[in-house]
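Single-structure report; data block below.
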Amino acid sequence: MSTSKQKRSYLSTNQSMATSKRGPGAGKGNKLGTRGPGQMSTRSNLASSSSKKSVIGGIAPSDKSSNIRVPVQVFDEAGNDVTPLPLLTLDPNQVRIQQSNVLGDSTVGTPTDLLSQISTSFMTSAFGGGPFTRSVFTQSNDTMESLQDEDHAVADTSTWAQIRQKRAEVTEIVAEADLDKIVDLTLVETETIWMLDIPTVCVAMDSEESQSIRDNNDKYALLCKSRAGNDLYAERGMNTFNEAPKLKAIQTNKIGYTDTGVTCTNWDMYDTFKAVEKEAKDKEAKGEGGTISRPNSPNEAESSKDADPLKPDVPEVAQAVSRSASVKSGSRVGGSRLEKTLTESRVTMSSSVGGSELFASKETGVGSFQSDVTAVDEDKIMKSDSLKKDLFIMERVINLNTYQPKQALYRGFDIVPDIDHELTNVNQIAVSDMGPNLDRLWSYFCPLTKGRNVACLAWNKSNPDLVAVGYGQFDFTNQKSGLICCWSLKNPEYPERVYTSKHGVTALDFSVANANILAAGFYDGGVAIYNVRKTDDEPILDNQKDGMGSGSGDHESESHGKHLGPVWQIQWIEKERGSGEERAEVLISISTDGRVTQWSIRKGFENYDIMRLKKLPTRMAGKAREKKGEAFISRHAGGLCFDFHPRDLIVYLAGTEEGFIHKCSCSYNEQYLETYTGHTAPVYRIRWSPFMPDIFLSCSADWSIRLWHQERVTPILTFHSSTKTVHDLCWSPRSSTVFACVNEGALEVWDLAQSTLDAVITITPTSGAKLTSVNFSKNAECILVGDNEGQVTVYELRCMPAPAQAEFQAEALNSVIKSSLASQLPSVAGDKTMSAPMDEMDD
Amino acid sequence: MEATEEKKEPDTKRVHTYPLIRHSDMNDEMKTEAMELCVTACEKFANNNENAAKMIKDTMDKKFGASWHAVVGEGYGFEITHEVKNLLYMFFGGNVAICVWKCS
C-alpha cells in the first residue's frame, strides 16, 4: 500500500515540478525542497522581494541522459558568488555512473530503495546544494541491507541533478529578464509531509502477510530453542579483576576558628573610603620624587585641606585603627596638620611619616576591628576644636528638642503639637477664661549658680536673646565669690559664658555701642569691663589695682576714684561730648559711698565724679527734727540706683538710702535740680516710663511703689500690695500702663489701666525662694525673674489686654494719672497746684 | 586593608563605588576571587541583598567547599566565629558592606 502511494506521489511530484518550470517568473525563488520518505514535494519558497539572489545553473533541461551537472550557484545583488560550499564533494565519475542508471531503476526499484537513496544522498550532499531547506528525517534502514549503495547514490543524485537542472532552466529564463515585471506566483498545495513513520510490528491475524510473519516468528523461536546445545553457539564468560581493597585514613589539618565582630555603618564605610583616597594622594605626593625635607609641598597641604572639614577626625581614627604602636610625636603633629594648613617642612615630614605608618600597618594586614585608640589619641580627639564645635552643635540641637515648645511660646509662635506625646485628657479651662496670667516657660539654672543670689539682669543691646546675670549677695555678712553668667535663649541648661570674680557682682550692663562689652560692678566697689567674645575669666579692664598707666606707682593702694562701697548700679550712657566729637559712651556708676561716678575707658580706666549725693536734712512735715547726738558717718547719702532721662541725657534721677530721689544734672555736681520725697526707706529702683517722658516709678524697702511726675515733688500714685521689700521694678516695653515688680515673696504685674489698687497678676514661686530682680524681655512677651537660689525664671505673659497703639500709649497713661489726680485731695505744702500739672499733661 | 580598583565614577550620587576590602585574612588568590564574586553578585542583584548573598554563598560553597556564610547589608553589627584564613569583609558601592566567612 505504501509502495503504490509513494510511487504516485513521486510522479505527481514530477508533474508539479513541470508546472513550476512553466510558470512565468516563477524563478524568483521557487525552491524545491524534497523531503519525506520517498516523496518529493514542491514547496514554494517565497524569498523576500528584496533578495535578488539569482540561482544560476543547477537544473538543466530534463535531459536525463546528459551528464551535465551544473552546480548551483548563488549570487547576491553585487554579483558576488556567495554559493555555499558543499560539505561533501561527490566524485564526478561516480556521479556519472550513477546517473545513467537512474531512470532505469526508478520504475523497477522499490520505492523504499528510492527512499533510502534519497535519504543517504541528502545526508551527504544536502547542504552543499544551495539554500534549500529540508527536514531531517530518519528511518529505519533495515531494508537497505539488500541494496547496494551505489544504486542509492546514483538514483538519488540523478534525481537531485534533475531537480537542479529543472530549476536552472527556470532561473535562466529570468536572470536577464526584467525583474520588475509583475510576477505571477502559483501556489500549489504541497504533498503531505511525513515527519515520522514507524512501521508497525504488529499485523492483523487475517491480513495477507500474517502467514509469512507467523512463519518467520516460528523460525525464530526454533532458532532460539536450538541455540542451547547447538554447535553454532558457544558460551563465553568474562570477569573483571577484583582488586584488593586497601584502607587509607587521613586527617586534615586542624581547622582553627576565631571570633571576629564589627559594626557596619555608613559612616565607617565613608571614613574608610576617605582614608583610602587620602593615602592614595599621599602615595602620589610621596612618589613624585620629593624628599622628605622638601620645604613646600603643596600636595600635602592640599590633601590636608581636602579632608572634609566636618570630619577631621578621620585620619586620627584611621591612624588609631590601623596601627597599635606609633610614634607619638608623629601622630600628634599629623593630627594637628588638619587643623592648620601648614606648609612647613616639618609638617611635611611628619605627614609623610604618618602616611608611611599607615602603609606599614597595611602591609602587616593585622586586622583589628576594635580601634586601638591609645590614650594619646583620645586625648587629642577630645581636645580638638572640631569636637568642641560638634558637641556645641549637638548640645544646641538637644536643647532645641527639649525646649522647643517653650521657646516657641517665647517667640510667640504656635506650638506644634507633639505627635508622639499622648494627650492627657485633663479637663482644662480655656486659657482665655483665666484672665491675664503668667506661664512659666523655663528657668536658667545650672549647678554652678545654685545657691547664689541673683543680683542683676542685663539684656544684650544688640542680641535680645542674650542675657547677662550677675550673682552676688546683698548682705554684708554672707559674701561669696561673684559670678557673671551669660545665658542664651537657646540653651537654658548652661550659660554660654561664665566669669568668676572675687567679690559678689551687684550690677551689670551691656554696652550699646559695642555689644560685646559688659560692665560689672562689684560688692567691694570695683568696676570691671569684660569682653564677652572671650571665654577667659579675666576682665579686660578693672579697677582693682591701679595698673592702667596711672602716674603714681603705688600699686597696692586702690585706684583713685574706686568706690568705697558696693556699686549698686552701673550703666552705659552715650554722651555728646562737644561739638565736632562723636558721641562717646561712658560708664556711670553709683554706690553706697554717695558718689555718682563717670568712667571712661579711652585711656586706662579714668573716672570722674559727676555728683556727690549729699545728705539732706530730714524734713518731717511740720517739724524740724534735730539730730542731736547723732554723728554722721559721712556727709554723703548712699546711692542705690539711678536712671537717666530717656530723652535728655543730661538729667538723671538718683535714689538714696534715705528714701529721697534727687533729680540731678551732669552739669552740676553739687546741686540737685529737684528732690522728691515720699519714700521712707531706701529706694531700690527708679525707672523712667518709656512712653511718657515725665513719669517715673520707684520702688523701695518701705513696701511701696510710687509713680511720680517729674514736676511734682510728691508721688501721684502709690502702690501697696504687700508687706515685703520691693527689690526691683521694670516697665513693660510694650504697654505704657504695665509694669512688673518683685518683692521678696512674689512677682507682681500691674496694669494701671485695669486697676491701681491691686496687681493684675501675682505669682508666688513655689520653691520659696526670694525674688530679687525682674526684667522684661525686649522681643517677647516675657518676664525674667531672678531669685536668691540662683534661678532666673522666664515667664510668659498671657492674656494681657492688647497694648494700645503707639500714639495712644501716652494717652492711656495720661488718663490714668488724670483720674487718679482728680481723686486726690490737694495737699498744702510743697506741692504745685493740681491744675498746673493737669495743664501740662494736656499737651 | 587594601583598595584594589581605583575606579571612581564621576557620578556625584554614588561616590566610592569601587570595592574596598576592609578586613580579610584569606590567601591572596582566594581573596581576589571572593572579591570578584562579591562585586559580581552585588552588581547583579543591586537591590536585593538576599539574592546577592545567596549567590555569593552558593558560589563560595562550590569553589571552596563546605559551609560558607554571607551577609550583605548597609548597617549591622556582627560577631562571628570563622575558620582561620577564611574571612572577608569588604565595602562596595559606597554603602554596601559584605561579610563572607567559612564555618561548618
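Quick reminder: no glycine exception, Cβ is built from N, Cα and C everywhere.
Automatic prediction, not curation, is the source of TrEMBL annotations.
The feature compositional bias 'Polar residues' is assigned by TrEMBL to A:9-19.
Positions annotated as compositional bias 'Basic and acidic residues' by TrEMBL: A:302-314.
Positions annotated as compositional bias 'Low complexity' by TrEMBL: A:320-336.
Taken from TrEMBL, the feature region 'Disordered' covers A:1-63 (among others).
Per TrEMBL, region 'Disordered' is recorded for A:281-343 (among others).
Look at TrEMBL and you will find A:540-562 (among others) tagged as region 'Disordered'.
What TrEMBL lists as repeat 'WD' is A:676-718 (among others). The average pLDDT for the repeat 'WD' (A:676-718) in the predicted structure is 86.
Across the repeat 'WD' (A:719-760), DSSP assigns 0 helix, 19 strand, 23 coil. According to TrEMBL, the feature repeat 'WD' maps to A:719-760 (among others).
Away from its own ends, the repeat 'WD' (A:676-718) comes close to residues 619, 638, 640-647, 653-663, 724-731, 733, 736, 739, 741, 743, 750, 752, 756, 809-810, 813-814, 817, 820-821, 827, 830-832, 836-837, 840-841 of its chain (Cβ-Cβ under 8 Å, at least six residues beyond either end). Applying DSSP to the repeat 'WD' (A:676-718) sorts its residues as follows: 0 helix, 21 strand, 22 coil.
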